[in-house]
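Engineer: According to TrEMBL, the protein carries these features:
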{"type": "COMPBIAS", "residues": "244-271", "note": "compositional bias 'Low complexity'"}
{"type": "DOMAIN", "residues": "38-134", "note": "domain 'Cyclin-like'"}
{"type": "DOMAIN", "residues": "147-232", "note": "domain 'Cyclin-like'"}
{"type": "REGION", "residues": "244-291", "note": "region 'Disordered'"}
Amino acid sequence: MEASSWYVTLDELKKHTPSREDGMDYATECAERQKQCMAILHLGAKLNVPTLAKATAVLFFHRFFLRRSFKKHDAWLVAVTCLFLATKVEESSKKLRNVVDMAFEQRYPGEARDDSKLFQLKEQILIHERKVLQTLAFDLTVVHPYKDLMPMASDIHASRELAQSAWSFINDSLSMTLCLRYQPREVAAAAIYLSALHQKVNLDEKLEGKSWIDIVGVPLKTLEMISNEILDMYARHGGTVVAQGSAGASSSTSTASRPQPARSQPPQRQQTAGAHGAQKHSSRTARPAPY
C-alpha cells in the first residue's frame, strides 16, 4: 500500500471515517484514540518496550481505525495487539505469554490470575493480529518524526536541550492524529519550533543570515498549525500527559507536567513576518510555560 493512502485531511477525519458512518461523533473517536494510545504506552512501559516500538504500535492503532469502526471492534484488544505486533516489527519482540500477563493486569486490575481468561486473551490477541495485518494490508513500514528530528536539529545548530525538548513534544503528541495528517518531517520541525518558543530561542541566530525554516523546508503555516494542535491538547488535558523520556531514551512511562497555554481556548494563529527566528515569528500571547 502506498504511504500516501494513510494520509487524510482533517475534514475527512471529522466527517468520513467508518466510525462516523456508524454514528460515533468526532470528539468521542478522538477521546477513544487518546484512551487506547495511553493504554499502549503504559503497557509498553510495563514490558520495557523501546520508545520507537511504542510509537509504531500507536501508529498501527491510528491506521487501523482509519479503515475500521470503533463501534465494531474492541479498541483495547486492537491496542494490545498493535503493541505485540510492533515489538516484532521493531525487532524488540516480547513473548506472547508476557504480553498476555501484563495485558491481563491492565484489563482486570486487582483480579487474581485466571487461567481461562488468560488463555482467552491470548487467543483473542492472535485473532486480532490477523485482523490488524489485513487492515494494514501488511504494510508495516513506518517512519517516525524521531528519524528527522536529530539530523534536523543538527542542521540548524540547535542545542541538545532544545532537541530533547522537541523529542518530548513528539512523545506527547503520539495519541493525536498528527501521524494521519502530516508527514513525519513536518511534525519533527513543529516540535523544534514549539521548543524554540518554549525556550525563547532565536533559531536563526547561529545560521549566518539563513532562515532555519528554509533549511528544514517546512512552511511556517504548517509549523503553526501543528504547534497549535499540540498546545490545544495540553489545554484539554490540563498540561498533564504521558512523558517517555528524552532523545534516545526508552524510559518508563510516567505522568509529568508539560508546557500548557496561558489560557484555555485555542492559541491565536501566528502572523508570518518573513524568514526570521522562531522567537521573532511569534505574535502569540499564549506561549508554553516553563517546565
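Any Cβ shown, glycine's included, is placed from N, Cα and C.
A TrEMBL annotation is a machine prediction, not a hand-curated record.
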Engineer: Counting by DSSP secondary structure, give me helix, strand and coil numbers for the domain 'Cyclin-like' (147-232).
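Structural biologist: Taking each residue of the domain 'Cyclin-like' (147-232) in turn, the totals are 60 helix, 0 strand, 26 coil.
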Engineer: With DSSP, how much of the domain 'Cyclin-like' (38-134) is helix, how much strand and how much coil, in residues?
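Structural biologist: Residue counts for the domain 'Cyclin-like' (38-134) by secondary structure: 76 helix, 0 strand, 21 coil.
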Engineer: Pop the mean pLDDT for the domain 'Cyclin-like' (38-134) in here, whole number is fine.
Structural biologist: 96
